[in-house]
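One structure below.
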Ligand SMILES: NC(=O)C1=CN([C@@H]2O[C@H](COP(=O)(O)OP(=O)(O)OC[C@H]3O[C@@H](n4cnc5c(N)ncnc54)[C@H](O)[C@@H]3O)[C@@H](O)[C@H]2O)C=CC1
Ligand SMILES: O=C([O-])CC(=O)C(=O)O
């Protein structure tokens, strides 16, 4: 019996993500919460012939607590998306408060649940959730994840496009480390499961840039109607499925995700040494188990150019982390 909950379930990501979770046989109960439309989304999904029992809740009458009651895994895509010209950091003003309040609900209702944060800016919203959980004395770093899977999915797709063979896309694995915005996104193309064909230095640089700024491509194409939703729902469901499989006892599942490096102190220390900085949060490959992170893995052998990309990511990442922490620890009056 595994209960999954989506907070922000009526949104552009929330609805297709809820659909994909409804199709996951490892989910027995699906709780949906949003400030609008969840009864309709839940009624619609409840007609699908899969095991998960679906319930939708709105804020009145303790809807958040009811949705979260008994949750094993909570996915958070609540909040506003970007419009053209905005950075993910521009979303902080609105989304930080939304994420703080939802995290408070988790801390008081289902503190042992796995928490998967999608709401942007992920580099800061994950530290916000951690600080809220700490303030309630229930922080378990092994169970808190910033979802960076879309960067990994994009890298697989774009690398297979360079190979001129999209049929290999599902099998292409490219670790993406760092954070989830612009230059904090660091694809390790040298570790691609499918080494790149001979391309020029310009093509190589353009590929890295496309992975780092893939979100902008969608924001521009949607032209004011939001950012990636369908590809994010796919990526979020893929990451959630890995967590569900690990909870179900499957061993050896590895995924890159944005985590507090204290989740596995020894592994986290190795990563800090590899990146050359004392950072509290970083996206690295982790091994998952029934109780969350089993091991933070080394980022492995990187090229000199990739080491430079890591170096370039660190200052922005450090500021993003501090901004998130201070939002809870030292709120401005
Ligand atoms: N981590 C990642 O890779 C990605 C993250 N995102 C982020 O995901 C977030 C959601 O994006 P979309 O689904 O496109 O936006 P959306 O506007 O379509 O949906 C957001 C939903 O959140 C709900 N919401 C707002 N305040 C809430 C609250 N206090 N409690 C519960 N629900 C609340 C809204 O009613 C809405 O239904 C954005 O912050 C976006 O930047 C988007 C794509 C990729
Ligand atoms: O670009 C955005 O704002 C949404 C996002 O995080 C992504 O698509 O990677």
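Any Cβ shown, glycine's included, is placed from N, Cα and C.
Annotation source TrEMBL lists active site, proton acceptor at 180. The NAD(+) binding site annotation in TrEMBL covers 8, 9, 10, 11, 12, 13, 14, 34, 95, 118, 119, 120, 232. Here TrEMBL flags 82, 88, 120, 154 as substrate binding site. Residues annotated as domain 'Lactate/malate dehydrogenase N-terminal' in TrEMBL: 3-146. Look at TrEMBL and you will find 148-327 tagged as domain 'Lactate/malate dehydrogenase C-terminal'.
Under 8 Å, Cβ to Cβ, and six or more positions away along its own chain, residue 88 (substrate binding site) finds 82, 120, 121, 122, 123, 180, 181, 182, 215. The DSSP breakdown of the domain 'Lactate/malate dehydrogenase N-terminal' (3-146) into helical (H, G, I), extended (E, B) and coil residues amounts to 65 helix, 26 strand, 53 coil. Residues from the binding-site residues list (10, 88, 154) with a C-beta closer than 6 Å to any atom of ligand 2: 88. Listed in sequence order, the residues 81, 121, 180, 181, 215, 219, 227, 228 complete the 8 Å Cβ shell around the substrate site centroid, once 82, 88, 120, 154 themselves are left out. Cα-Cα distance from residue 95 (NAD(+) binding site) to residue 154 (substrate binding site): 24 Å (rounded to the nearest whole number). Residue annotation for substrate gives 82, 88, 120, 154. The furthest Cα pair among them is separated by 18 Å. Under DSSP, residue 180 (active site, proton acceptor) is assigned to coil, being neither helix nor strand in the three-state scheme. Distance noted between the C-alpha atoms of residue 10 (NAD(+) binding site) and residue 154 (substrate binding site) is 24 Å. The two recorded residues residue 119 (NAD(+) binding site) and residue 154 (substrate binding site) have their Cα atoms spaced 18 Å from each other. Here the binding residues for NAD(+) are 8, 9, 10, 11, 12, 13, 14, 34, 95, 118, 119, 120, 232. Their largest Cα to Cα distance works out to 18 Å.
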